[in-house]
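Per Swiss-Prot, the features are:
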TRANSMEM  17-37  transmembrane segment
TRANSMEM  60-80  transmembrane segment
TRANSMEM  106-126  transmembrane segment
TRANSMEM  146-166  transmembrane segment
TRANSMEM  175-195  transmembrane segment
TRANSMEM  210-230  transmembrane segment
TRANSMEM  254-274  transmembrane segment
TRANSMEM  292-312  transmembrane segment
TRANSMEM  344-364  transmembrane segment
TRANSMEM  370-390  transmembrane segment
TRANSMEM  401-421  transmembrane segment
TRANSMEM  426-446  transmembrane segment
Amino acid sequence: MSAESHPTESQMTPKKLFYLTLGSIGVVYGDIGTSPLYAFREALKPVAHDGLTRFEVISLISLMIWALTIIVTIKYVLFLLRADNEGEGGTLSLLALLMKTANGHTAILMLLGLLGAALFLGDAMITPALSVLSAVEGLKLVTPRLSEYIVPISVVILALLFVVQSRGTGAVAKFFGPITAVWFLVMAAAGISHISDDFGILAAFNPYYAVSFLLHEGFYGVVVLGAVFLTVTGAEALYADLGHFGRRPIQWAWFLLVFPSLTLNYLGQGALVLGKPETMSDPFYLMYPQWALLPVVILATAATIIASQAVITGAFSMVRQGINLGFLPRREILFTSETNTGQIFVPSVNAVLFIGVIFLVLSFKTSDALATAYGISVTGAMVVTSIMAFEFVRARWNWSLPVAVIALAPLVILELIFLGANLLKIHDGGYIPILIATAFTVIMWTWRRGTAILMEKTRHTDIPLASFVSSIERKSEHSPAQVPGTAIFLTSDPESAPAALLHNLKHNHVLHDRNVILTIRTVNKPRVPSQDRYKVEQISERFSRVELLFGFMESQNVSQALATLRKAGLKFDIMSTSFYLGRRKLVPDANSGMPYWQDRFYILLANAASLPSDYFHLPANRVVELGSQIIV
């Protein structure tokens with residue numbers, strides 16, 4: 001289900017609401033739905049070093065339930081789902097919205113947004129590795145002889161998952177929701193069946209246990225919080241996938257199925273450990289009888305594959321947003337569905353994620369080891385989102401400063417505590433998500449900054465378009481020869497004569513019957529209605545200026561968009577139209593405004609970018625490229 005296809009809240013029929021709710025269970029809640037596989041197990045380890053007490057077990061479950069309540073229910077389900085950018089959610093969508101109203105702190109907001117996006121991309125590497133490993137590890141309970149095959153089996157599953165990305169998931173995506181719904185029901189049933197082991201576990205609903213535990217445990221309490229946070233990993237997907245399903249389906253799925261199922265399962269795990277402390281080694285799988293283990297492992301593996309698919313798709317979508325907003329160089333984007341433009345495949349991103357995921361599996365080998373590295377990227381992304389949400393309620397909802405502080409400061413403080421708890425795990429692998437996020441942030445910041453410097457340098461040597469057209473339209477003996485047809489010159493600055501136009505005149509001494517100065521601009525909203533797609537200005541008899549507007553969630557298909565210009569009186573015969581593009585050779589300069597290494601890195605990114613003709617879907621046999629050299 002795509003954002004392009006779901007109706008508005010008021011138009012949603014009960015049937016549509018049901019299918020969107022079911023779909024959201026697989027895509028939105030797949031990640032958080034796999035947390036019971038390892039969250040409670042990891043939380044038990046720091047407190048079980050000197051024996052496990054009844055108070056500690058109840059307190060851990062209490063911490064998990066209240067983490068789900070405060071962070072997921074209150075922050076995401078009830079609050080953030082309303083902070084949308086024309087129906088879209090996610091870090092970059094929120095950043096695009098805030099950039100419209102940023103007053104004096106644009107750079108800080110941008111850096112925060114880029115950091116949040118980078119942390120999400122790091123999460124997209126860790127989630128598949130951790131989820132699949134934790135599911136496949138159930139095989140060692142089926143038969144210990146399979147223990148040595150857990151890593152190879154996980155690698156094969158993940159390799160197949162990334163290989164099939166290029167073929168799209170449309171054919172099987174309709175099963176994601178039902179399979180994940182069954183997964184939640186199975187978890188709920190297991191939890192219910194074991195709560196009777198010790199009804200005392202129901203005391204976990206009392207926040208006294210959570211608070212008292214933290215106050216009495218001291219350092220160990222902080223360490224435990226890092227593991228407790230695994231309970232809410234995947235919550236960012238609620239906001240990121242807002243545009244795919246809408247607010248109501250996501251909320252209904254949470255309150256009717258996901259939240260109750262997770263709560264019941266954690267209560268069941270807690271009751272099991274209270275009754276049988278020896279089960280703390282793997283309380284999730286040990287809730288099931290021996291005959292049910294293999295089916296549950298298979299179902300768990302399917303659920304983790306679906307969760308991994310959702311986060312991979314989210315990474316593709318975020319990269320497309322980043323490219324359209326100018327934070328990333330153009331990359332090849334393929335569409336895997338003829339009817340759903342939301343189903344995309346980005347080969348370069350798929351390759352990077354695949355290499356990263358396999359590296360993590362082979363390096364950490366167990367979900368225990370990998371879980372220590374998981375929380376940092378998620379907590380970091382949540383803190384960034386909360387800070388940006390503070391700016392949102394001030395700028396868009398006009399909340400006063402005291403109201404915004406009272407409402408959001410407790411959330412930010414809580415998440416900072418969780419972040420601090422996770423940072424304690426840096427030496428145990430927590431440095432991995434930090435390195436990944438740093439790398440992606442440097443890439444995006446370098447591209448954004450380098451492009452701004454490049455624009456500034458070219459602006460100094462540009463000729464105003466109005467002056468150029470005025471001079472060229474004066475008939476004289478030096479006037480260039482006129483040739484039939486249409487020439488379209490792509491430029492990022494509609495006020496200046498494109499470099500390709502100047503080079504064409506300089507080297508070929510010709511001018512076409514009709515010349516279109518074309519600018520492609522991405523606006524800070526998800527989509528642009530077809531009637532607002534273009535702006536046309538007739539400069540002279542032979543020159544016109546056209547601006548094509550795209551939302552950051554849209555494919556920038558220029559050939560298709562130009563066809564809509566017929567309504568404005570501009571008709572293009574593709575066989576007599578040539579597209580002129582400027583190709584720049586960039587030379588590093590130590591005094592450009594960026595360090596020399598960053599200049600070199602920017603040039604590397606620029607050289608690796610997809611060709612404009614490919615990215616903008618221009619007919620290859622109608623494209624002419626003219627080069628120039630620029631020092632950056």
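A Cβ is built for glycine as well, from the same backbone N, Cα and C atoms used for every other residue.
The stretches the transmembrane segment (292-312) and the transmembrane segment (175-195) are in mutual contact, each linked to the other by at least three Cβ pairs under 8 Å (pairs 6 or more apart in sequence). A contact between the transmembrane segment (106-126) and the transmembrane segment (175-195) is absent, since fewer than 3 of their C-beta pairs, 6 or more residues apart, lie under 8 Å. Contact between the transmembrane segment (60-80) and the transmembrane segment (426-446) is not supported: fewer than 3 Cβ pairs lie under 8 Å, counting only residues 6 or more apart in sequence.
For the transmembrane segment (17-37), the neighbouring stretch richest in Cβ pairs under 8 Å, chosen from 146-166, 175-195, 344-364, 370-390, is 175-195.
Stretch with the largest number of CB pairs closer than 8 A to the transmembrane segment (146-166), among 175-195, 344-364, 370-390: 344-364.
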